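In what follows, a structure is listed as structure tokens, so that the remarks can point back to it.
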Amino acid sequence: MLYYLFQYLDKYFDFPGAGVFQYITFRSALAIIMSLLISTIFGKRVISYLSRLQVGETVRELGLEGQTQKAGTPTMGGLIIIFSTLLPVLLLAKLNNIYIILLIVTTIWMGAIGFLDDYIKIFKKDKAGLKGIFKVIGQVGLGLIVGTTLYFHQDVTIRENISKNKIEVYSTQKGANTLSSDKKSTATTIPFFKNNEFDYAELLAWTGDGYRNYAWLIFIPIVIFIITAVSNGANLTDGIDGLAAGTSAISVIAIGVFTFVSGNVIFSNYLNIMFIPNSGEMTVFIAAFVGALIGFLWYNSYPAAVFMGDTGSLTIGGIIAVLAIAVRKEMLIPVFCGIFLAENLSVVLQVSYFKYTKKRFGEGRRIFLMSPLHHHYQKKGYHESKIVTRFWIVGILLAIVSIVTLKLR
């Protein structure tokens, strides 16, 4: 909204300083400051309000050190993250940008699913929360919306250096002119390879001519799978104070780097990566999101004054998934979201091995002392602050590795 206001003032009144709102970098800086202030100031009031409503966490007895002290800690703190992200975005971003629209829909959609889950747990006294099938239906529904929009919407394109269709001439960093064309594509990026583009449509090449017309049959299910997997991974990671918020902020910063360079024709040309028109605007959303996560971490760090609940964790996972897909970096998710992957795998391996050994030997055996992975280290006697700090360090290393793939091939 402020973007359009200052655009109007600059155009018709030549208002001093109004032109800076045209720059993504300025609006991104403003967004992170604004969201950080909102989450820290507004967050304190939300926590007090949740405490008065007695919206407290019900802790299951798992035999973990310090677990009983967490009982009654306000939950649903994800509302702080959602509000602190959306308000700066609504004020500073271009609201007619298809990527911004998708991210706003994702935030509200996944936030609603998480809120219902937390509401049922707290007010209906049902520890199971929202039934798993309904969560999956919600995640699949969002995947259908995102996948269909990214595949069919005319503003979702990539630019390649060819001389057909919509030809444009733009200046490269060295001043030379290059012929280019915006086109619809299901291409993505494969890390560590020199010619690192892969088109999902190629998976249907065996069907004969015209296979590209049916690429949506591959692309949309992949989008659904990624959104479901990453949102569940974030949900599993939210187990100890500050873990999910901190690791998510690190992952989102890495995606922010990808988004900025992929949406900038000069940087994308220099790095020889896919240029994605209109995607640079997502940097404003990412900045607001990072600020909201850091501001929330102010209250969620050990000892936590508030938990994000499924309201926050499902929203975080959904946003990260959509960002990665939109910027064509979903194949890097196992790297910059390596913590989510490890948490997910620890649960899958634990459950699968337990069932297998119970069937074969008559008693279930475990790989880890407890899953998800962070509980394994708690059982080994590590304090949760040490676990969180070390997971953050690993997350930073993974984020750096993922960014390095821009040049290392």
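Using N, Cα and C of the backbone, Cβ positions are placed for all residues, glycine too.
Sequence-distant contacts of the transmembrane segment (23-43) (same chain, six or more residues past either end, CB-CB distance under 8 Å): 3, 77, 80-81, 83-85, 87-89, 91-93, 260, 263, 280-281, 283-292, 294-296, 298-299, 306. Taken from Swiss-Prot, the feature transmembrane segment covers 23-43 (among others).
Among the features that Swiss-Prot reports, transmembrane segment is placed at 73-93 (among others), with the record citing sequence analysis. Tertiary proximity for the transmembrane segment (73-93) is limited to same-chain residues at least six positions away from its ends with a CB under 8 Å from its CB atoms, namely 1-3, 21, 27, 30-31, 34-36, 38-39, 42-43, 46-47, 50-51, 55-57, 100, 103-104, 107-108, 111, 114-115, 118, 122, 245, 281, 284-285, 287-289, 291-293, 295-296, 299-300, 304-316.
For 95-115 (among others), the entry in Swiss-Prot reads transmembrane segment.
Counting only same-chain residues 6+ beyond the ends of the transmembrane segment (132-152), those with a CB under 8 A from a CB of the stretch are 98, 102, 105-106, 109-110, 112-113, 116-117, 184, 186, 215-216, 219-228, 231-232, 314, 318, 322, 325-326. What Swiss-Prot records for 132-152 (among others) is transmembrane segment.
Note on the transmembrane segment (214-234): residues 110, 136, 139-140, 142-144, 146-148, 150-152, 186, 199-201, 203-204, 207, 244, 248, 313-314, 316-318, 320-322, 324-325, 330, 333, 337, 340-341, 343-344 of its chain, located 6 or more positions outside it, place their CB under 8 angstroms from a CB of the stretch. Under the heading transmembrane segment, Swiss-Prot lists 214-234 (among others), citing sequence analysis as support.
Look at Swiss-Prot and you will find 247-267 (among others) tagged as transmembrane segment.
Listed by sequence, the residues of this chain that lie at least six past the ends of the transmembrane segment (279-299) yet keep a Cβ under 8 A from its Cβ atoms are 24-25, 27-29, 31-40, 43-44, 47, 77, 80-82, 84-86, 88-89, 92-94, 97, 99-100, 103, 242, 245-246, 248-249, 252-253, 255-256, 259-260, 262-264, 305-306, 308, 312, 316, 319, 323, 326-327. As annotated by Swiss-Prot, transmembrane segment applies to 279-299 (among others), with the evidence given as sequence analysis.
Summarising the annotation, Swiss-Prot assigns transmembrane segment to 305-325 (among others) and lists sequence analysis as the type of evidence.
Look at Swiss-Prot and you will find 331-351 (among others) tagged as transmembrane segment.
Residues or ranges marked as transmembrane segment by Swiss-Prot: 386-406 (among others). Non-local neighbours of the transmembrane segment (386-406) in the same chain are 191-192, 240-243, 246-247, 250-251, 253-254, 257-258, 261, 271, 273, 302, 329, 332, 335-336, 338-339, 374, 377-378; each lies 6+ residues outside the stretch with a CB under 8 Å from one of its CB atoms.
Here the transmembrane segment (331-351) has long-range neighbours at 188-191, 198, 226, 229-230, 232-234, 236-237, 247, 250-251, 254-255, 258, 317, 320-321, 324, 366-368, 371-374, 376, 391, 394-395, 398-399, 401-402, 405, meaning same-chain residues at least 6 beyond its ends whose C-beta is under 8 angstroms from one of its own. Here the transmembrane segment (247-267) has long-range neighbours at 24, 159, 170, 172-173, 234, 237, 273-283, 286-287, 289-290, 293-294, 297, 316, 319-320, 323-324, 327-329, 332, 336-337, 339-340, 391-392, 395-396, 399, 402-403, 406, meaning same-chain residues at least 6 beyond its ends whose C-beta is under 8 angstroms from one of its own.
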